[in-house]
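**Q** Once you've had a glance at the structure underneath, I'll fire off some questions.
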Amino acid sequence: MKDLTFSRRGLLAGGAAAGMIAGSSAFAASGLTAGAVIERMKQHVGGPWREGGVDGYKSGSADTVVTGIVTTMMATFDALKAAARQGLNLVFTHESTYWSHQDTLTYIQDDPLYHRKRDFLAAHNMVSYHLHDHWHALRPIDGINLGTMQLMGWSRYMHADNQRMFTIPQTTLMALAREFQRRMGNRTLRIIGDPALPVSVVYESWGNCSAFPGIDFLESEADVLVIGETQDWDLIAYARDAVASGRKKALIVLGHVLSEQWGMKACAEWLKGFVTEVPVRYVPIIEPYWNIDRPVFEIDTRLA
């Protein structure tokens, strides 16, 4: 005979799911569409909304009725599932949905994971909107830089003539690296330079930083350049040679996601200022890497 016993956890989960469905329906009743949200953003970004570039709809359409908004660094499967669990169907992702900056589908048309992700988005009536160029173009401060400097408590240290440069109270390279690790939860942070090097002037290039302009950043008055990622054979090699030649310079590599995702947390707060009909939430992306001293595997992203 089939066991008809119900667990408390199951009842609670069922009740929560029912609540989310009811809540989603209520928010859908507002009639707010994805296109209407975008139009409001155009009025608040502080500059022209340019066509072209990478920004735009990667799933869903402007006519999709919004039940809730999520901002995230990257529309990973994990982040999408976190949004779907809460009945939130408009996802603003800073990086791509389909694994290339331009979300190019040419080479993945027959890829089973592409089909699975696309079908998941469709099944949950989700819009994935790539918000890269215009969030960097936010005025008066680049939206990504805004979030990261808020996380670090550096707003008052930013140079008036260069938003990438900060003069912080003097510390050591090791202490600065530990502060990044503490605030960002970084498991695989990498550093080039003397751990005892005194540092005060910091140049940032959150996200990707190629050799040019990275070398120019490193050759500025900065003591340390802090970036998201780069190639080992160009900017990394240059920084290593600079240190080996006796220069008092340093480089900190945070990882692309961890260096930028705080800007998408700031994006959620920004959206709340002019989108009030539906909930707006931020989904952090868990660092995908681990090291042999801290072997972990966690991809169960939770809404912040």
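Each residue, glycine too, has its Cβ placed from N, Cα and C.
What TrEMBL says about a protein is an automatic prediction, not a curated fact.
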**Q** According to TrEMBL, His256, Glu260 bind divalent metal cation; which one of His44, His94 is annotated to that same site?
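**A** Of the residues offered, the record points to His94.
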**Q** Specify the secondary structure state of His256 (divalent metal cation binding site) as given by DSSP, simplified to three classes.
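**A** The three-state answer is helix.
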**Q** Taking the centroid of the Cβ atoms of His94, His256, Glu260 (divalent metal cation site), which other same-chain residues have Cβ within 8 Å of it?
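**A** Neighbours found: Met73, Met74, Glu95, Ile144, Trp206, Gly207, Gly228, Val257, Ser259, Gln261, Gly263, Met264.
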**Q** If you count other C-beta atoms within 10 angstroms, which of the binding-site residues His94, His256 is the most crowded?
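**A** Of His94, His256, the one with the most crowded Cβ is His94.
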**Q** In DSSP terms, helix, strand or coil for His94 (divalent metal cation binding site)?
**A** coil
**Q** Tell me the Cβ neighbour count for Glu260 (divalent metal cation binding site), meaning other Cβ atoms within 10 Å of its Cβ, over all protein chains shown.
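**A** The answer is 27 other Cβ atoms.
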